[in-house]
Amino acid sequence: MSWRATILTLYPEMFPGPLGISLAGDALARAQWSLEARTIRDHGLGRHRAVDDTPAGGGPGMVIRADVLAAAIDAADTDERPRLLMSPRGAPLTQARVRALAAGSGAVIVCGRFEGVDERVIEARGLEEVSIGDYVLSGGELAAMALIDACVRLLPGVMGADASGEEESFENGLLEYPHYTRPPLFEGREIPEILRSGHHARIAAWRREQAERITRERRPDLWARRRGGAE
Ligand code: SAM
């Protein structure tokens, strides 16, 4: 059975969107993964299928109701897959978490809207809050797409055999080294001599140095964590 993504959203028409194109889209067409976008509004209340209500205690915006979202989750075939809620409050998504999710059977992903979802459904349905960064999107759909894209490209056979992703940014606690390709001279800038030497061991050492330098300069947090882990 291929990797399954089940999305719970108010805007199912946003899917597959960019996930239907290029690497993820080709893999979807080859059935290396599957996508089901389910409409939370199908479980809305009354004639208008209301899904939200005003925040208890006052304040701006609307909150997705616990009973409506719980009914939507219960109606989905969620099996043993992790149940994720895209949320700026969640644990920041990391490549390690992406690898773990990609190694499983898929994910059930709830996309919030408005001010978010009633806290009680997060507890009652065991939703794991996941953030894709310290900024606020208007809805969880783009965040879910980012998470799915990151997982799908790691599924067996999705990237070519020569592109396992093992040397990529974050895989070893480092950002990736710089890349170059033809032409050899671009606006007065040359490809570093070492990369034209054909000396594989020296190239590997150079790339390592560059990855370490870039990580130190751009992401002192990653660098410190890496050094902490090495000691
Ligand atoms: N009131 C919420 C807060 O301050 O934390 C923000 C709600 S946001 C406007 C609406 C929805 O977008 C959220 O429920 C969540 O599903 C999604 N979202 C926004 N930013 C996100 C992020 N950085 N990572 C993951 N999901 C996000």
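Cβ atoms here come from the backbone N, Cα and C positions, even for glycine.
Under the heading domain 'tRNA methyltransferase TRMD/TRM10-type', TrEMBL lists 5-224. The S-adenosyl-L-methionine binding site annotation in TrEMBL covers G112, I132, G133, D134, Y135, V136, L137.
Neighbour list (G112 (S-adenosyl-L-methionine binding site), Cβ cut-off 8 Å, at least 6 residues apart, same chain): I64, L85, M86, S87, G139, G140. Here the Cβ of L137 (S-adenosyl-L-methionine binding site) has 17 other Cβ atoms within 10 Å, regardless of which shown protein chain they belong to. Its Cβ taken as reference, D134 (S-adenosyl-L-methionine binding site) is surrounded by 7 other Cβ atoms within 10 Å in the chains shown. Residues from the binding-site residues list (I132, D134, L137) with a C-beta closer than 6 Å to any atom of ligand 1: I132, L137.
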